[in-house]
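Q: According to Swiss-Prot, the protein has these features:
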- 9, 10, 11, 12, 13, 14, 99, 100, 101, 123, 124, 125, 126: NAD(+) binding site (BINDING)
- 156: active site, proton donor/acceptor (ACT_SITE)
- 157, 166, 167: (S)-2,3,4,5-tetrahydrodipicolinate binding site (BINDING)
- 160: active site, proton donor (ACT_SITE)
């Protein structure tokens, strides 16, 4: 079965990568491409915009006008746009793949209320390698976590607007859950001045922004006499995009609820 996929944020860096990944897939075709309401790109061919050649899919600025043209929506946009798109998908019973990060508590609640009524895969990162890292972090934290100082480092391009990255925060959640801690209570986001000695129970986060870094993440388990580091470095957004397309084809005919990439990859 070939899955028809709609891509929101089609004019952005990730949107173009998603269109490219859909066009490369043997299991999916591009059904629709959506841009912001005020975009000047309405009517342009989505494939030509993404640099993959004419696809016969005209860009639109209203998701509700193309609901008949796709089976699954892939959404990597902004929290407010994703909340609105989830409402449309709920109304038309359309599965969603969502990689948007930076939700406020209210936005997250509104999104999840609608997303849980249709098959939805939500992940901070859709690359196979990062999701394997999540599994490795869980194992490492269970073995070493109570004897190690844990630090999460992440770096991204200068245009990224949220920090720490959604992937870094998800890593923190995995680590905290593995050692039975509440991340909200133990997370330390940056340090400055006279901080005092480090609390062993804390999980530190360090953020770097600059250049065109696609995404680097390292978790360091620092013990007396040894240090274990688990690192993932992305060199292309296509690794994320291909994972999102894989999730989209997997979602078809699944039960309505919220899944994550660990479900897609069978890592649970």
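Heads up, the Cβ atoms here are built off N, Cα and C, so glycines get one too.
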Q: Determine, for the (S)-2,3,4,5-tetrahydrodipicolinate site, the additional residues of the same chain whose CB lies within 8 Å of the mean position of the CB atoms of 157, 166, 167; present them in sequence order.
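A: For the (S)-2,3,4,5-tetrahydrodipicolinate site, the extra neighbours are 101, 124, 125, 154, 156, 160, 162, 165, 168, 215.
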Q: Check each residue in the chain of residue 99 (NAD(+) binding site) that is at least six apart in sequence and keep those whose C-beta is under 8 Å from its C-beta; list them in sequence order.
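A: Looking at Cβ-Cβ distances below 8 Å from residue 99 (NAD(+) binding site), excluding near sequence neighbours, one finds 14, 74, 75, 76, 122, 123, 124, 125, 126, 240, 244.
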Q: What binding-site residues among 9, 11, 13, 101 are found with a C-alpha within 10 angstroms of that of residue 166 ((S)-2,3,4,5-tetrahydrodipicolinate binding site)?
A: 101
Q: Within 10 Å of residue 101 (NAD(+) binding site), Cα to Cα, which of the recorded positions 156, 157, 160, 167 are there?
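A: Checking each Cα against residue 101 (NAD(+) binding site), the hits are 167.
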Q: Using DSSP, would you call the residue listed as 'active site, proton donor/acceptor' helix, strand or coil?
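A: The three-state answer is strand.
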Q: Taking Cα-Cα distance, which of the recorded positions 156, 157, 160, 167 are within 10 Å of residue 11 (NAD(+) binding site)?
A: none
Q: On the three-state reduction of DSSP, what should I expect for residue 124 (NAD(+) binding site)?
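A: Its secondary structure by DSSP: coil.
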Q: Quick one: Cα separation, residue 9 (NAD(+) binding site) versus residue 156 (active site, proton donor/acceptor), in Å?
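A: Cα-Cα distance, residue 9 (NAD(+) binding site) to residue 156 (active site, proton donor/acceptor): 19 Å.
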Q: With H, G and I counted as helix, E and B as strand and the rest as coil, say where DSSP puts residue 166 ((S)-2,3,4,5-tetrahydrodipicolinate binding site).
A: helix
Q: Considering each pair of residues in 9, 10, 11, 12, 13, 14, 99, 100, 101, 123, 124, 125, 126, all listed as binding NAD(+), report the largest CA to CA distance in Å, no decimals.
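A: Among the residues the record ties to NAD(+), max Cα distance equals 21 Å.
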